[in-house]
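For THR12, the entry in Swiss-Prot reads active site, with the evidence type sequence analysis. Feature annotation from Swiss-Prot assigns Na(+) binding site to ALA167, CYS170, THR173.
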Amino acid sequence: MNRSEKPQLRATTVLGVIRNGKAALGSDGQMTLGNTVIKHSTKKIRRIQHANLITGFAGATADAVTLLDRFDEKLQAFGGQLERSAVELARDWRTDKYLRRLEAMLAVVSADKALIISGTGDVIEPEDGIVAIGSGSMYALSAARALIRYTDLSAREIVTESLKIAADICIYTNDHIVVEEV
């Protein structure tokens with residue numbers, strides 16, 4: 001690494017699944033700095049009780065916590081309306097000079113809705129009720145789609161098994177998995 005290069009903080013695979021009226025969101029616990037694992041049990045999931053939903057983040061931790069706080073404020077301002085709050089956060093993200101520099105993504109699930117709020121201020125609602133962000137997201141997403149299609153596993157079981165598969169493939173993902181349900 002060149003001395004002028006800033007070491008990149010990498011971490012995370014976050015996966016959310018809605019199935020049979022239940023939603024689960026999970027993540028691994030690994031955080032790396034450059035090519036070194038610096039923590040194995042980072043908490044990347046937050047439950048927002050007053051809105052009955054779960055959020056997960058990928059990217060710079062301080063940036064993600066800032067966005068989570070802003071998202072919680074929007075949820076309170078708009079009476080827990082998930083989509084409206086996400087759109088308002090995205091609007092702020094695009095127009096605010098400070099927020100535009102934040103390097104993070106959010107995954108949000110409720111019992112009937114799954115959203116990704118991207119680092120560019122986009123709000124994405126996947127058609128299949130599966131959200132995946134972070135370094136191992138495509139591995140976890142692929143596994144989750146296969147498990148939904150070919151098994152009767154619960155949302156929690158799909159998230160857990162998919163994250164284990166991602167951990168077997170992605171060097172920035174470990175098997176210290178935390179899953180929450182709504």
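Quick reminder: no glycine exception, Cβ is built from N, Cα and C everywhere.
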Other residues near the Na(+) site, CB within 8 A of the CB centroid of ALA167, CYS170, THR173?
THR13, ASP28, GLN30, SER135, GLY136, TYR139, ALA140, LEU163, ALA166, ASP168, ILE169, ILE171, TYR172, ASN174, ASP175
Between the Cα atoms of CYS170 (Na(+) binding site) and THR12 (active site), what distance do you get, rounded to the nearest Å?
10
Check ALA167 (Na(+) binding site) against DSSP and tell me helix, strand or coil, would you?
helix
Cβ-Cβ under 8 Å from the residue listed as 'active site', same chain, 6 or more residues apart: which ones?
SER27, ASP28, GLN30, MET31, THR42, LYS44, PHE57, ALA58, GLY59, ILE133, GLY134, SER135, GLY136, TYR172, THR173
Which number gives the other C-beta atoms within 10 angstroms of the C-beta of CYS170 (Na(+) binding site), all protein chains shown included?
21
Which residues does ALA167 (Na(+) binding site) neighbour through Cβ under 8 Å, counting only same-chain ones at least six apart?
THR13, ASP28, GLY136, THR173, ASN174, ASP175, ILE177
